[in-house]
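> Got a structure here, written out as structure tokens. Questions coming.
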Amino acid sequence: MKATNEPATSAPLSPPPGWLNLGAGLFFLAWALLGWLSLLGTPELTATLGKGPDPGPALLPVVVLTLLSVGGLAIVGHSLYRSYGRFGPCLVAWHRHRLAVALIASLAALPSLMSWIGFAAAVFLTLFSWIWALGLKQSQPGWRIALIALLSSAVITGAFYAGFVVLIRVPFPGL
């Protein structure tokens, strides 16, 4: 029997399930909705739209939000067609996504945390928790993951501070 060095052929990749596309589409639509609410809630920004040849500073957000909205609707429509066009249920195993939901929740809480304890401390704590939580899936000792999370969070926080506060002088809460 002769051994060959040819790579094993694998089955072609199948498209992702419909619920995954639905989640992606809803994610983009949520960001688009947040952007539209922010844009429409700022009359100073939209005051120049439709008045003369210069559209003003609101043109770029309008274009980006329109593309984001249309893309999100297209993804949701495609997902619903794929899921319900075959009359199959759109089931999500939420227990597999707890970490992702927790990370998104921590990102949503970051602005409030920044106003409460300051920029550097909030960014450091958020980064440390993300890196530590994601590192737990590795097969390394817990102290090593904590040390890596501590050092990398400090370096990244320092880089953010140097870039935003020192270099381009962006005012952040608590500084």
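Numbering starts at 1 and runs along the chain as it is shown here.
Any Cβ shown, glycine's included, is placed from N, Cα and C.
Keep in mind that what you see is a predicted model, and the values were worked out from it rather than measured.
The annotation domain 'DUF1468' is assigned in TrEMBL to 24-173. Marked as transmembrane segment by TrEMBL: 20-39, 59-81, 101-133, 145-168.
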> Can you tell me how the residues of the domain 'DUF1468' (24-173) break down into helix, strand and coil by DSSP?
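Across the domain 'DUF1468' (24-173), the residues distribute as 117 helix, 0 strand, 33 coil.
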> So which residues does the transmembrane segment (59-81) touch in its own chain, when a touch means Cβ under 8 Å and the partner is 6 or more beyond its ends?
18-22, 24-29, 31-32, 35-36, 39, 45, 49, 90
